[in-house]
Amino acid sequence: MGELMAFLLPLIIVLMVKHSDSRTHSLRYFRLGVSDPIHGVPEFISVGYVDSHPITTYDSVTRQKEPRAPWMAENLAPDHWERYTQLLRGWQQMFKVELKRLQRHYNHSGSHTYQRMIGCELLEDGSTTGFLQYAYDGQDFLIFNKDTLSWLAVDNVAHTIKQAWEANQHELLYQKNWLEEECIAWLKRFLEYGKDTLQRTEPPLVRVNRKETFPGVTALFCKAHGFYPPEIYMTWMKNGEEIVQEIDYGDILPSGDGTYQAWASIELDPQSSNLYSCHVEHCGVHMVLQVPQESETIPLVMKAVSGSIVLVIVLAGVGVLVWRRRPREQNGAIYLPTPDR
């Protein structure tokens, strides 16, 4: 089980980070049911997150809800964990029944998955979002609209369930209240519990270097590491213009020390005199590394400290560093396949 969670948790983190806005805090619960699981895979798993931090886990092997963050264990009494353990044991059985029913409807056999995701987000301006959805075999199945108190069904099987669920007005109102009120209240409480971890800022250390990726092909790599929160924007510009279609991006990944790393690369045109610059934005600070045209080694390393850019090392050429504060405009909720309610 430990090996499986070691695989699942970073994967979910990567998915969340790729869609998150740095000004948003979120609480999400993911649940996964598996029919006919392979050896070592639990038939039911539940994981809770605040932002990209796992806070709770439950699985059908341990049959216990447990804290994944020390500040959760320190602030919630034993009866909390016991109460939600009992609820999740009920969810485990419910998932098993629902998955069997779906397999009958689809005439499926063998191993299949049923997923639930529920959560909420608190934006910097105080506004909130809430989301609840189900998936079958990794594909959207039912999506809740809390404003219209209705479910969006993706096929005829889902439509049958939609009709039954929408007939229960009390449950629809309960889900709406949980998303808009309870979830946000829990999120604010957890943010206070873990504020030293969740609300800190660690600026990125950014490097640019050249690398021969294939014989005769050279690329520029812009690498950022040691940053938190994990949301970061990186791009390359050629002669002052962004060239997204020419850029390769790496995923934003945990570094193992509570910080994150990411990279973006672009292939060099050896026949041109193009001027390349890497642009990195993190927590409102915008950094620019301009690459010296004749450099053959690592041209730049820099780090943002307390809202300003500090040149740490310059090798084989002089770089141009620019900084300014700029608000992020992108905004969006994260919809991933589950809550402990």
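Keep in mind that glycine also has a Cβ here, set from the backbone N, Cα and C atoms.
Listed features, source Swiss-Prot:
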type	residues	note
SIGNAL	1-22	signal peptide
REGION	23-109	region 'Alpha-1'
REGION	23-201	region 'Antigen-binding cleft'
TOPO_DOM	23-302	topological domain 'Extracellular'
BINDING	Arg31, Ser46, Lys65, Arg116, Tyr174, Gln175	5-(2-oxoethylideneamino)-6-(D-ribitylamino)uracil binding site
BINDING	Lys65	2-amino-4-oxopteridine-6-carbaldehyde binding site
CARBOHYD	Asn107	N-linked glycosylation site
REGION	110-201	region 'Alpha-2'
REGION	202-293	region 'Alpha-3'
DOMAIN	203-299	domain 'Ig-like C1-type'
REGION	294-302	region 'Connecting peptide'
TOPO_DOM	324-341	topological domain 'Cytoplasmic'
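Structural mapping of features recorded in Swiss-Prot.
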residue	record	Cβ within 10 Å
Arg31	5-(2-oxoethylideneamino)-6-(D-ribitylamino)uracil binding site	25
Ser46	5-(2-oxoethylideneamino)-6-(D-ribitylamino)uracil binding site	26
Lys65	5-(2-oxoethylideneamino)-6-(D-ribitylamino)uracil binding site	22
Asn107	N-linked glycosylation site	6
Arg116	5-(2-oxoethylideneamino)-6-(D-ribitylamino)uracil binding site	23
Tyr174	5-(2-oxoethylideneamino)-6-(D-ribitylamino)uracil binding site	13
Gln175	5-(2-oxoethylideneamino)-6-(D-ribitylamino)uracil binding site	21
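Across the residues of the region 'Alpha-2' (110-201), the predicted structure has a mean pLDDT of 96. Annotated pair Ser46 (5-(2-oxoethylideneamino)-6-(D-ribitylamino)uracil binding site) and Asn107 (N-linked glycosylation site), C-alpha to C-alpha distance, rounded: 27 Å. Mapped onto three states, the DSSP output places Gln175 (5-(2-oxoethylideneamino)-6-(D-ribitylamino)uracil binding site) in helix.
For the pair formed by Asn107 (N-linked glycosylation site) and Arg116 (5-(2-oxoethylideneamino)-6-(D-ribitylamino)uracil binding site), distance between Cα atoms is given as 21 Å, rounded to the nearest Å. With helix defined as DSSP H, G or I and strand as E or B, the domain 'Ig-like C1-type' (203-299) counts 3 helix, 56 strand, 38 coil.
A coil conformation is recorded for Asn107 (N-linked glycosylation site) in the three-state DSSP classification, outside any helix or strand. In this structure, Lys65 (5-(2-oxoethylideneamino)-6-(D-ribitylamino)uracil binding site) belongs to neither helix nor strand by DSSP; it is coil.
The record assigns Arg31, Ser46, Lys65, Arg116, Tyr174, Gln175 to the 5-(2-oxoethylideneamino)-6-(D-ribitylamino)uracil binding site, and the maximum Cα to Cα distance across that set is 23 Å.
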